[in-house]
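In what follows, a single structure is set out as structure tokens and then discussed.
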Amino acid sequence: MDLDTITSISTPMGEGAIGIVRLSGPQAVEIADKLYKGKHLLNDVPSHTINYGHIIDPESKEVIEEVMVSVLRAPKTFTREDIIEINCHGGILTINRVLELTMTYGARMAEPGEFTKRAFLNGRIDLSQAEAVMDFIRSKTDRASKVAMNQIEGRLSDLIKKQRQSILEILAQVEVNIDYPEYDDVEDATTEFLLEQSKEIKQEINRLLDTGAQGKIMREGLSTVIVGKPNVGKSSMLNNLIQDNKAIVTEVAGTTRDVLEEYVNVRGVPLRLVDTAGIRETEDIVEKIGVERSRKALSQADLILFVLNNNEALTQEDYTLYEVVKNEDVIVIVNKMDLEQNIDINEVKDMIGDTPLIQTSMLKQEGIDELEIQIRDLFFGGEVQNQDMTYVSNSRHISLLKQARQTIQDAIDAAESGVPMDMVQIDLTRTWEILGEIIGETASDELIDQLFSQFCLGK
């Protein structure tokens, strides 16, 4: 890989207590020393130390910033290269001036994800661990961050490497069979060993895939849409679940004119809550846009919370809306139980059949616990799995595991049908390659570049 030194701001832009400019590469310390004035040259201080001083413009001699500089020497760093982290006061102006000086004196602006890419290319982490870094940064709940951290620590990598090693052992036995075809006992032993080991590999792949649905929910959140006719209490429900007044709650029907979205942790289940504009015919241009977005959100939802008003009898609009959502995963909520009951609960039950029904009062915060328990039960069978398990949460990994399951099954079918071993070998080798794509050992350069381009600058 390139031996140049890269630089970037690694903290969010804007006002804050601290902003960090990070450098990585063989000239990181040398470049920093051209700008830094402190008690000692950075080149002379021990690794993994923080040093007080100032950043000086070498040309004008102007003091740019008062800083603390971290010196981290290869190979015991994230990138396995020399790393310098210049800790500045937070703010846009001075941190950009420091960044510009690092580039003026020899560093190149890092591409998105390039620090993590170097960690991968230098063997510090594999591809699945690199992807988990972004999952960790983007995680919205404690459980999601724990699942990502397990992957960063190599839990998934270790399992994949173990299965690939098992395939290599099978291939070695197959090679013996190909080299000595005249020995029937060798062929019989090879077939027996191949089938036994291949079925174990398939079983492990299936076990990982079984975690995929829950893993994806933990990674991305359960897309949960709150739907109902206007003014049934959808926004109040959103506010109670997120305990934040983001949605506008008024007595005027139709005041939610956009799709409002929040993440919330409901009894260990990360929900991506979406409050929609009421779905109805309207001549208002702005409201029409909100309704269209609501329909799109419904089509992409994992769970729908269908809200009815206890204070009003069922209307044709309620029936029409329920027809739209009834074939999805739905929980029906009769809200405003604090008001006079004008809805016929038996009529509601006739309409929804076996769909779960919860009665709530968002004003008095009644029924919220029952709703949260129902959400958990619907998707996790009443028990959220241990977060220390190895989950597969990445869509790319799930797709590759499905491909590997198919190719290992092809090898099993071929062996059981008496297909020549050199043909079985093709399916086994392909399985080994597919699993290698998960951890990056057989991934193409184009795929690697594409994955890291999705990272943020400075990471």
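Note that the numbers count up from 1, one per residue, in the order the chain is shown.
Each residue, glycine too, has its Cβ placed from N, Cα and C.
Source: prediction; values computed, not measured.
Here's what Swiss-Prot has on this protein:
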BINDING   R22, E85, R124, K459  (6S)-5-formyl-5,6,7,8-tetrahydrofolate binding site
DOMAIN    221-380  domain 'TrmE-type G'
BINDING   N231, T250, V252, T255  K(+) binding site
BINDING   231-236, 250-256, 275-278  GTP binding site
BINDING   S235, T256  Mg(2+) binding site
Report the nearest neighbour of R22 ((6S)-5-formyl-5,6,7,8-tetrahydrofolate binding site) in space among the binding-site residues N231, K234, S235, comparing Cα positions.
S235
Proximal residue to S235 (Mg(2+) binding site) among binding-site residues E85, R124, K459 (C-alpha distance):
K459
Greatest CA-CA distance (Å) over the residues R22, E85, R124, K459 that the record ties to (6S)-5-formyl-5,6,7,8-tetrahydrofolate?
19
I'd like to know which of these binding-site residues, R22, K459, is least surrounded, judged by other CB atoms within 10 A.
K459
Can you figure out which of E85, R124, K459 (the binding-site residues) comes closest in space to N231 (K(+) binding site), comparing Cα atoms?
K459
Protein Cβ atoms within 10 Å of E85 ((6S)-5-formyl-5,6,7,8-tetrahydrofolate binding site), excluding its own:
20
Listed binding-site residues (R124, K234), ranked by Cβ neighbours within 10 Å, top entry:
K234
Reduce the DSSP letter at E85 ((6S)-5-formyl-5,6,7,8-tetrahydrofolate binding site) to three states and note it down.
strand
Note down the number of other Cβ atoms within 10 Å of the Cβ of S235 (Mg(2+) binding site), including every protein chain shown.
21
What is the interatomic distance between the Cα atoms of E85 ((6S)-5-formyl-5,6,7,8-tetrahydrofolate binding site) and K234 (GTP binding site), given in whole Å?
47
Please report how many Å separate the Cα atom of K234 (GTP binding site) from that of R124 ((6S)-5-formyl-5,6,7,8-tetrahydrofolate binding site), as a whole number.
48
Taking all residues of the domain 'TrmE-type G' (221-380) together, what is their mean pLDDT?
76
What is the number of other Cβ atoms found within 10 Å of the Cβ of N231 (K(+) binding site)?
20
